[in-house]
Every structure is written in structure tokens, then in C-alpha cells.
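Only one structure is covered here, and it is reproduced in the block below.
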Amino acid sequence: MKKSTKLLAGIVTLASAMTLAACQSTNDNTSVITMKGDTISVSDFYNETKNTEISQRAMLNLVVSRVFEDQYGKKVSKKKTEEAYNKSAEQYGASFSAALAQSGLTTDTYKRQIRSAMLVEYAVKEAAKKELTDADYKKAYESYTPEMTTQVITLDNEETAKAILGEVKAEGADFAAIAKEKTTAADKKVDYKFDSGDTKLPADVIKAASGLKEGDISEVVSVLDPATYQNKFYIVKVTKKAEKASDWKKYKKRLKEIVLAEKTQNIDFQNKVIAKALDKANVKIKDQAFANILAQYANTDKKASKANTSKSDQKTSSDSSKDSQSSKSKSEK
């Protein structure tokens with residue numbers, strides 16, 4: 001049931017955003033609560049809660065959601081939103097409804113949260129495509145390992161994993177047979193094919209496999225399962241490894257996918273794209289209680305400006321130094 005407590009990071013803020021939106025669309029004097037001798041109005045509730053951290057984040061989410069729906073809404077179909085929702089529901093299985101309820105969400109509010117995330121993801125990916133250079137491809141190629149055929153044992157206990165490692169490394173051991181017998185993977189799957197940029201297994205497992213030669217067996221790889229907050233332990237054997245071509249262009253399509261994935265996951269790059277969208281939308285904050293909710297995006301522009309200014313100052317300083325040296329040389333002559 002631990003899985004149900006981690007539906008998505010920050011998911012509650014969207015539900016709060018909907019509450020704030022409802023408050024703002026209702027008459028300020030509308031009573032929310034009545035009691036003997038007093039009432040609590042929408043305005044009372046709004047003023048009491050707007051300065052809290054969760055309300056600040058909720059308003060930010062609401063602004064970003066509205067801006068990206070306006071600018072990119074036609075780029076992500078409702079069908080794709082439904083597919084993403086269904087996939088999430090499938091992953092949580094029977095605990096999905098409980099997870100939604102515990103997070104204060106309904107089916108509709110969760111779908112809106114998913115859609116907002118998909119719109120931002122689309123915008124970030126499109127921006128990343130425009131910045132792709134040969135240097136990006138070459139850098140990705142340096143750390144790229146082509147397709148590997150592997151056998152993977154998944155275990156829940158470190159002591160057991162270490163014991164099984166001894167078994168599979170023993171002379172004459174049948175790794176595949178031991179893997180099929182011992183793995184605790186839900187689907188009992190042990191055979192995998194992937195390259196170094198794949199995500200079908202944890203990154204540390206793929207990294208360990210990438211560093212192995214054909215026929216080698218890894219040490220025990222410990223990975224924290226984000227769904228259960230429990231460690232899982234992996235043992236990998238590489239049974240076949242494709243030889244890496246000397247020309248990066250052979251992998252251009254795959255390298256593009258890897259570079260774009262890295263860029264879209266980069267927080268600074270995400271903030272840069274969001275900042276540009278907010279600027280285009282001409283967002284104006286009317287209530288000073290929310291004056292700083294966009295600060296992280298304003299800082300993105302300032303950092304870029306500062307970096308450009310620094311480069312400009314360095315160039316000016318360098319040019320001045322050259323001029324000074326030139327003048328000195330002429331004077332000496």
C-alpha cells in the first residue's frame with residue numbers, strides 16, 4: 001500500500017489550485033461556513049490560505065497549466081491524455097482509487113494534472129530540438145553503448161543477492177537457469193535487450209551492464225525502488241554486445257532521442273522554456289500575496305543575462321588589454 005502514498009510528487013497542489021480557482025470565481029461575500037454569531041466567507045478563506053506554501057505552489061501550477069493549455073493545447077490530443085491516465089491507473093492497479101482519494105484528487109483533476117505535465121513536456125522537447133548541434137551528438141556518442149543482450153536477476157534481499165552472486169560466478173554455473181529460478185521480478189522476466197540510453201531497467205543496472213564485456217557478470221547492484229521506497233538488488237550478465245561503430249552518425253536517430261531525453265529532464269532547461277512561455281503570455285500578478293511565485297523563472301532569464309554580460313565583460317577586458325599592449329608597443333618604438 002506504500003505505493004498508493006506516492007502517486008506523483010506535488011500532486012496535491014493541483015487539487016489546491018482548483019480550490020483557489022473556485023474561490024476566485026465565486027462572490028467574495030459568499031458564505032462557506034455559517035455558525036452562531038458568525039460566518040466564514042470565500043474572502044475570509046482566501047485571505048487566510050493564500051500565503052501558505054501549498055497555496056503558493058498551487059497558484060503557480062494553475063498559472064503554468066493555463067498558459068501552456070493556451071499555447072500548446074492543440075499539440076497534445078485529449079486521446080493521449082486519456083492513454084497516459086489509463087497507463088498510470090494500470091500501474092497502481094487496485095490501489096489507484098485509494099491513491100487518488102488520499103491525494104485529494106478526483107479522476108478529472110488528476111487528468112488535468114497529467115495533461116498539464118504533458119503540455120510542458122511537449123514544449124520543452126520542441127525547444128530542445130531547436131538547440132541540437134553536432135557537438136551534442138558527439139558528446140552523447142562518447143558515452144553511448146550499443147545494444148546489449150543480457151540476463152538479469154532481480155532480488156529483494158541483499159544477503160540473498162550476495163549468496164546468489166556466488167552461485168552464478170561458480171565455475172560451470174548456468175546463469176540463465178539460476179536466474180529463472182531465483183528472480184523475484186513480478187513477471188519472472190530475465191532476458192533483456194537494451195542500449196545505454198534505455199529506461200526499461202534502472203539507470204544503475206544499465207550503467208553496470210554497459211561497463212561489462214561479453215560474458216561478464218556484474219556485482220550486486222542496489223537500487224531504491226521509487227514506488228515502494230525499498231531497495232531491489234540486481235545481478236546482470238551480458239551474453240552479447242554489439243561492436244560500437246566508429247562513426248557517430250550511424251546512431252544519429254538514437255543519439256537524438258537520448259540527447260532530447262536528457263535536455264527535457266534538465267530542470268534549468270525546463271525553467272527556461274516555462275519562463276519564455278510565461279513572458280509570451282504577459283502574466284501579471286494582481287495580488288501581492290503571489291508576487292514571488294514566478295521568481296524561479298525570472299531568475300532563469302537573469303542567469304542567462306548575467307552569463308552573457310560576463311562573457312561580454314571578458315571580451316571587453318580582453319580587447320582593452322590588447323589595445324593597451326598595442327599602445328605600449330608603439331610607444332616603445
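Each Cβ is built from the backbone N, Cα and C atoms, and glycine gets one as well.
Sequence annotations record features per position, and here Swiss-Prot assigns signal peptide to 1-22. The S-diacylglycerol cysteine annotation in Swiss-Prot covers Cys23. Marked as N-palmitoyl cysteine by Swiss-Prot on the basis of sequence analysis: Cys23. According to Swiss-Prot, the feature domain 'PpiC' maps to 145-240. Per Swiss-Prot, compositional bias 'Basic and acidic residues' is recorded for 312-322. Summarising the annotation, Swiss-Prot assigns compositional bias 'Low complexity' to 323-333.
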Which whole number is the mean pLDDT over the domain 'PpiC' (145-240)?
96
The domain 'PpiC' (145-240) - residue tally per DSSP class, helix then strand then coil:
28 helix, 29 strand, 39 coil
